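Each remark here refers to the structure printed beneath this line.
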Amino acid sequence: MQSTKPLGIHLFECVRGNPPSLRSCQALVLTLTFISYASYHAARKTTSVVKGVLDPKTSNLSLLHWPRCLYLDKCHTADKHTVLNGGWAPFDSRDGTVLLGDIDLAFLAVYAIGMFFVGHIGDRVDLRILLTVGMVGTGLFTAAFGAGYWLDIHSFYYFLGIQLIAGLFQSTGWPSVVAVVGNWFGKRRRGLIMGIWNAHTSVGNISGSLIAAAMLKFGWGWSFVVPGLIISSVGLMVFLFLPAGPGAVGTEDDHLQESSKNEIVTPLLDGSTDAAGKAVGFIEALRIPGVLTFALCLFFCKLVAYTFLYWLPFYISHTAVGGKYLSDSTAGALSTLFDLGGVLGGILAGHLSDRMDARALTAATFIFTSIPALFFYRMYGSVSIYWNVILMFINGMFVNGPYALITTAVSADLGTHSSLRGNSRALATVTAIIDGTGSAGAAIGPLLTGYISAKSWTAVFAMLMVAALVAGMLLSRLVMAEVSAKVEAWRSARACDLRVSSVEEALPANT
């Protein structure tokens, strides 16, 4: 379906007398989509901050620690964590942590399933309308979860049902914003541009953590209502001002045509897919080389990333740092350092992948580096605030770096695959396949954490390290293809240089 011109653009043309320039539209698209998805994550992050208030029961954290000899300093072996807050039924029960994990599963499972359908729909409808509906719906049901505080609701099924519907609305976000950005930008420097743009995830997590933590003193319900109002307001801005594609404002998309002419096809993107003018189907998109591999890789990457997203504040508040337990609000604020590291990691991964023209190699390098980072955070993160901050930032960089790269630049590369002959109507579908598969891992990680953490946080970190290892191994074939292509290109260039040198040396002798 052809994108329609937003009302705000109509008003702009009436005032100025001429349509906005291409650069202005691109700046507007980047700004609005950045704010939009930041608000999605701000609404999503709230649950992790409020968990410590809903389930503040004492925790035995002394089980199955790493061997004492591996610590830099004396182990903190306090068995009990005394909490004054009484919690909120039914989450203050013995199985409260498991119930919170079940709610995370409900949200993320529907989010993952819904994304496959949304991606299919997104290539066939006006993305501006789809994004608006998703944002307003997300805001309403995020606020409805918090309304349980004033309505004195203690039914687990109420909160479960709210999260199910909220997850469905949240699934509209990612395929829509990536498709819109992909419609306006070609492949040149896409990794760097989308790496910077993808900072919206971390900005949303940080702002969501800070807002939720600040609102706790007024009652945990406000921690949901305020982010809900914010995302609904941003949704109205999207409806009024977001041009979903160049056709929506009558701007020629020569920038896309030019980028496709200059595009360098790598082994990662080789293959052929029949791409007519119509929207690409699910099976056709799945057959694009690299889509399935990166989708499975993202499954394990998001398992790690979303475990931190949903459980990091809870973990910090239930672990003695420097011999002291931090409050829920302090733990929520401190957890934002993980997201700050993610901002740097996403930009760095995007820039390096552009410079090397090697998406898979860059992603695999970050993934394998995250394994020792996770190990050291579990070992030394409790020694002091200083060590906790440094190691948390490093983990954020290496955990979120490949996650950001795959969900942005890689998805856009595959969604605008050269064999599609410029057809951008595969963007939302390809993005949905990759991120939808990843979101299944995002659902499983927090769920398993809810069960495993009740016995041992060490086992949780072991699970995360294994997931990172599998994610890196899945990219091994693509990494070898990229390295082989680089070596072959270097050999060809070397042989060419030698031929030129031999010719130049022979010239004086002949004269």
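Every residue, even glycine, has its Cβ placed from backbone N, Cα and C.
The domain 'Major facilitator superfamily (MFS) profile' annotation in TrEMBL covers 31-484.
For 98-118 (among others), the entry in TrEMBL reads transmembrane segment.
The transmembrane segment annotation in TrEMBL covers 130-151 (among others). Tertiary neighbourhood of the transmembrane segment (130-151): same-chain residues 36, 39-40, 43, 46, 88, 118, 121-122, 158-159, 162-163, 165-166, 168-173, 176-177, 180, 219-225, 227-236, 238-239, 242, selected by CB-CB distance under 8 Å and a gap of 6+ residues from either end.
Among the features that TrEMBL reports, transmembrane segment is placed at 157-185 (among others). Listed by sequence, the residues of this chain that lie at least six past the ends of the transmembrane segment (157-185) yet keep a Cβ under 8 A from its Cβ atoms are 25-26, 29-30, 33, 36-37, 40, 43-44, 102-103, 106-115, 117-119, 122-123, 127-128, 130-131, 133-135, 137-138, 141-142, 144-145, 148, 193-194, 197, 242, 244-246, 253, 255-256, 407-408, 411-412, 415-416, 424, 427-429, 431-432, 435-436, 439.
As annotated by TrEMBL, transmembrane segment applies to 197-216 (among others).
Positions annotated as transmembrane segment by TrEMBL: 222-242 (among others). Nonlocal intrachain contacts for the transmembrane segment (222-242), taken as residues 6+ away from its ends with a CB within less than 8 angstroms of a stretch CB, comprise 6-9, 28-29, 32-33, 35-36, 39-40, 42-43, 45-46, 49-50, 128-129, 131-132, 134-136, 138-147, 149, 180, 208, 211-213, 215-216.
Positions annotated as transmembrane segment by TrEMBL: 291-312 (among others).
Marked as transmembrane segment by TrEMBL: 332-353 (among others).
Residues or ranges marked as transmembrane segment by TrEMBL: 360-379 (among others). Long-range neighbours of the transmembrane segment (360-379) within the same chain, counting only residues 6 or more positions beyond its ends whose Cβ lies under 8 Å from a Cβ of the stretch, are 66, 70-71, 268, 297, 301, 304, 345, 349, 352-353, 391-392, 394-395, 398-399, 401-402, 405-406, 410, 457-458, 461, 464-465, 468-469, 471-472, 475-476, 478-479, 481-483.
Summarising the annotation, TrEMBL assigns transmembrane segment to 385-406 (among others). Outside the transmembrane segment (385-406) by six or more residues, the chain places 72, 191, 195, 198, 201-202, 294, 297-298, 301-302, 304-305, 308, 312, 316, 321-322, 334-335, 337-342, 344-346, 348-350, 353, 359, 362-364, 366-367, 369-370, 373-374, 376-377, 434, 438, 468, 471 with a CB less than 8 A from a CB of the stretch.
Under 8 Å from some Cβ of the transmembrane segment (427-451) lie the Cβ atoms of residues 97-98, 100-102, 104-105, 107-109, 111-113, 115-116, 118-123, 127, 171, 174-176, 178-179, 182-183, 279-282, 285-286, 288, 291, 294-296, 298-307, 309-311, 403, 406-407, 410-412, 414-416, 460, 463-464, 467, all in the same chain and six or more residues away from its ends. Annotation comment: TrEMBL describes 427-451 (among others) as transmembrane segment.
Sequence annotations record features per position, and here TrEMBL assigns transmembrane segment to 457-476 (among others).
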Best-contacting stretch, by C-beta pairs under 8 Å, relative to the transmembrane segment (332-353) and drawn from 98-118, 197-216, 291-312, 457-476: 197-216
Overall pLDDT of the domain 'Major facilitator superfamily (MFS) profile' (31-484), taken as the mean: 80
